[in-house]
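The UTP binding site feature in TrEMBL is assigned to 86, 149, 177, 208, 346. The feature substrate binding site is assigned by TrEMBL to 178.
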């Protein structure tokens, strides 16, 4: 009898899960389009209007001693052909993302005599490797903490059973998105530790965003105005049309993601006229507020259904985004920051930008070359031959000069020599089965190259 009762309860649970998952599409219709309002400058504060931080070093030290930097370190470098955590890909001058982050915080701690700690939120995919990697920073002047985010079982779409019940190993599980940062920070015990050290704010950012550096002006504003949450947004370009945006909705500031937009309004959402800003995922959050909301189980972020396929089995991952938590915090704001604070490296085309003369590296900070007149970066499109970091590096003897480049499109078996300069609009296409080599010292300006005869 007990066994059949158990079976009934399992069947009931699966049925309940099936019903709840079916409801997930309602995320799209939770927003009443007519109620959306454009946020005012009080809600999304222009960066230029922020007060200057105190000039007194001791006052700045007091501000920074309230801060913690947390980098989201759960992603692997697989899309760029690398094994292990993405944060250990070499970005420039032999330094990895993680090296640069550590050098930046070291410089800050040294300059102001403060002690800003670094937290890394790993996933089960990156945890073991990261533990080994951080050992090399043992002699730095930073306290480094690592903790793991949750791991959830993937759900088999066909019968809504958990994948680990059918398949052993890591593939049955997934990290449930960066919205999990708040409960995981609490569950790990790190939140209590930081509060006991007198820390007040955490600056959360993706480990691959080279522009996400500590900004004393922002920190000063949040502490002065007691804002519990701040999302950095920046003006949208045509490359960012799918990024989430901030709206005012029923009296609160809220993140609007493309998945929540009704089909008939998707084009309007993507336009840069109505929705002019997008979320950089640089977030500043008050630690006491995180504690309060997590303990009250009040962070009910929208669930994002993410369909995947594992060894031919269709599965569903249910994820949340940290930016969606904005509406639960008091005095939450956005700050419209310069584009320089958003410099993510998602593909080798981004690596080309940051390794070129368009940027310089000083004290771990990647800074844009003032010789570039155009405020926008060049648009770069590299073919699949360049997708993996190793192939990308092999195909360039040295990274070309691109300070005066507007756009570059490369397709086919193309190889670059050293000391090349690219200007204006350049397209390079190697015909199928033909190896096309761009010679050392070549200067290509507004050129369409389809073979050696065009060089």
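Just so it is clear, glycine is given a Cβ too, placed from its N, Cα and C backbone atoms.
Where the annotation comes from TrEMBL, it is an automatic prediction and has not been curated.
Looking at residue 346 (UTP binding site) and the residue listed as 'substrate binding site', their Cα atoms lie 17 Å from each other. In this structure, of the binding-site residues 86, 178, 346, the smallest number of CB atoms within 10 A of the CB marks 346. With respect to their backbone Cα atoms, residue 208 (UTP binding site) and the residue listed as 'substrate binding site' stand 14 Å from each other. Cβ contacts within 10 Å of residue 208 (UTP binding site), excluding its own Cβ and spanning all protein chains shown: 22. Residues listed for UTP, 86, 149, 177, 208, 346, cover a largest CA to CA span of 22 Å. Listed in sequence order, 74, 121, 122, 123, 175, 176, 178, 180, 181, 184 are the same-chain residues six or more apart from residue 149 (UTP binding site) with CB atoms under 8 A from its CB.
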